[in-house]
């Protein structure tokens, strides 16, 4: 893809998300979603092959269906309230339809089936955008309608997402699918806290985007797509191996790394709201995610396949320009826990 075309498409993707973030009118929200969806399709098809075309088609059909359900909910609310502007007094039917539509866009269970398939069929860089930037717009709308959401609808989807995100990643060897199931699980955590402290959901989203972006960038730098290729990283770049180990444990939410912050604060907030069963289930199902992250770290660091590489190990990177952005991202992805007391403003 030529640079001017790519820049135009990326600007359209960003503009669509910004329109959704800044809108208080349902029609402009829908326009922003459609701009974003139509612009992301060429990015998903950047590597033109049958798998990418199939993945783009699945994404298009899913997002178009979700937009249709969202507009049906908006139409019902229009009949109920007589206005197009967002309000905190949605009728129950409109709120339920909007929640289902946003769950489809985010890939929450039971509407999660498209996430692993689409992520596996596209390039790593496209997967990075799909699993990070594309979550911002739907979560912003979920944030705005959170006072009207029925907990009996969203909480089961959140728990199921964390459970499926853990189970689905257990038998995977493809790194993109593992990150896709990780995304489903993280979306479940965000959906669970949206009902009780939407601001904490923004914190969770920020940390998730930083950690996932760093992981994708390390995989792209190392040209790793499977656990087998990841296990051979030690022969090429021991430093990357160590960084991947830390990032995997952080994504799994293991203290004292950054990924522990959102899980800790979400469980604490749910407990404050006299929810005992939900945080217990979330904490138990998070062990599934931690297991396959631990398996990845074991594959990366503690197993060494036979290698005929007689060259010296690359303790220094040849092209440091690519690593410039990674340095601060890795620090933030792993070492944020000491600043947790400063986050008391979210209470």
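Cβ coordinates come from backbone N, Cα and C, glycine included.
What Swiss-Prot says about this one:
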type: TRANSMEM; residues: 3-23; note: transmembrane segment
type: TRANSMEM; residues: 25-45; note: transmembrane segment
type: TRANSMEM; residues: 59-79; note: transmembrane segment
type: TRANSMEM; residues: 96-116; note: transmembrane segment
type: TRANSMEM; residues: 122-142; note: transmembrane segment
type: TRANSMEM; residues: 149-169; note: transmembrane segment
type: TRANSMEM; residues: 178-198; note: transmembrane segment
type: TRANSMEM; residues: 200-220; note: transmembrane segment
type: TRANSMEM; residues: 237-257; note: transmembrane segment
type: TRANSMEM; residues: 274-294; note: transmembrane segment
type: TRANSMEM; residues: 325-345; note: transmembrane segment
(message) Check the transmembrane segment (25-45) against the transmembrane segment (200-220) for contact, please; criterion is three or more CB pairs under 8 Å, pairs 6 or more apart in sequence.
(response) no
(message) Before we move on, state whether the transmembrane segment (122-142) and the transmembrane segment (200-220) share at least 3 Cβ pairs under 8 Å, counting only pairs 6 or more apart in sequence.
(response) yes
(message) Same chain only, please: residues at least 6 beyond the ends of the transmembrane segment (178-198) with a C-beta under 8 Å from a C-beta of the stretch. Say none if there are none.
(response) 103, 106-109, 112, 115-116, 118-120, 127, 131, 135, 139, 142-143, 146, 149, 151, 154-155, 157-166, 168-169, 172, 204-205, 208, 212, 215-216, 251, 262-263, 266, 269-270, 273, 275, 278, 282, 285-286, 289, 292, 296, 346-347
(message) Under 8 Å between C-beta atoms and at least six residues away from its ends: which parts of the chain pack against the transmembrane segment (200-220)?
(response) 124-125, 127-128, 131-133, 135-136, 139, 142-143, 175, 179, 182-183, 186, 189-190, 193-194, 230, 240, 243-244, 247-248, 250-251, 258-259, 261-262, 265-266, 269, 325-326, 329-330, 332-333, 336, 343, 346
(message) Under 8 Å between C-beta atoms and at least six residues away from its ends: which parts of the chain pack against the transmembrane segment (149-169)?
(response) 92, 95-96, 99-100, 103, 108-110, 112, 116, 142, 177-178, 181-189, 191-192, 194-195, 278, 281-282, 285-289, 291-292
(request) Count the CB pairs under 8 A between the transmembrane segment (96-116) and each of 3-23, 59-79, 274-294, then give me the winner. (result) 59-79
